[in-house]
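Colleague: If you scroll down you'll find the structure; I have some questions about it.
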């Protein structure tokens, strides 16, 4: 190819890129090196072993994550720890409780600020996914959890008789919803966690008969898929106090897959941070184990793992020091929680979202609200029922570090998602949310 041809091709490309930027906004097309970050923003899971198995230090932001496993294996517990991590970093999380089984007291024990957590208990699968999409495109949500895919019942099935056959309805619903949700997640930096159950295929003689409901779309759209199982019961004497849990990363688009992590889940406590630190530090020589004794530097942590765990629980500075050494050894960033997504950038590039109405009782509200707060208005409002003068910001939760131009505090949130507009008009046809305090 001659030099003149090369120059003409370069000019034609620059002209095309300029036209695209004018029509769709700056950054609609960019070179890979411009778009690539030096690191991936993540949400810690609460288990340092699982953060390491994921390869990037936690659940990637702006992606879809699927967590599946048998009953009582720790799926919801894991997501509640992720919610607590987001809230400690000053972010906003939402929980779509399609199973109507969320326990606020248990969530509080795991470190979740239930006054700030947005909760929706939708009437149908369509309503749940529509609310999820509207929250994501509001550009104000950092993490949204859908519990669970199996409970997203299509409206046609709810309105039909008990014995009616509805072939493929849920799979088609999930496929359509994921096509819409995926683009919004990438533009806003929101992470969506789908909890899923297990089913068994009939007549399978070779390979695993286990499968997950909701069709195959979620398997393709998910950047990370986690298979979580109980492997043994933790006992003190004859009393069961928790479970040893194993998580296998069966799919990972951001790091090598098929790694495994094990950690302790204690009843009423959740994932034991201290037990995880002990296991990891012993494997890497940070904590020395002599017989049944655990020793860290000049400190004797205790005889037996339970005594060592209690020592770290009572001496937080020692636990923090061990954790920082592990993070440094593994190459994780010192700021484990990462930076919150640039919500202003999401506002500038967010796609056009028409005003939509969501009917029924599944409007979003906070867990501290009265039962009547859950009765949805037709516009699908987001309501936080705490008074702006009542209730302090929980310990360990910093102020919201979101760059969206809005007059809002962490104590009062009242947004009309369906017809919201922003003071600054974004590039293209995008619309955003103005939060009113």
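Residue 1 is the first one shown; counting continues down the chain.
From the backbone N, Cα and C atoms, a Cβ is placed for every residue, glycine too.
What Swiss-Prot records for this protein is below:
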type: BINDING; residues: 69, 70, 71, 72, 73, 74, 75, 76; note: ATP binding site
type: REGION; residues: 343-437; note: region 'Disordered'
type: COMPBIAS; residues: 350-371; note: compositional bias 'Polar residues'
type: COMPBIAS; residues: 380-391; note: compositional bias 'Polar residues'
type: COMPBIAS; residues: 400-426; note: compositional bias 'Polar residues'
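Describe the structural context of these features.
Modeller: Around residue 72 (ATP binding site), the same-chain residues at least 6 positions away in sequence with a Cβ under 8 Å from its Cβ are 230. Reduced to three states, the DSSP call for residue 72 (ATP binding site) is coil.
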Colleague: Give me the count of other Cβ atoms within 10 A of the Cβ belonging to residue 76 (ATP binding site).
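Modeller: Its Cβ shell of radius 10 Å holds 23 other Cβ atoms.
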Colleague: With every protein chain in view, how many other Cβ atoms are within 10 Å of the Cβ of residue 70 (ATP binding site)?
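Modeller: For residue 70 (ATP binding site), the count of other Cβ atoms within 10 Å is 14.
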Colleague: Using a Cβ cut-off under 8 Å and a sequence separation of 6 or more, which residues in the same chain sit near residue 75 (ATP binding site)?
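Modeller: Within the chain, residue 75 (ATP binding site) has Cβ neighbours under 8 Å at 67, 68, 69, 147, 148, 195, 228.
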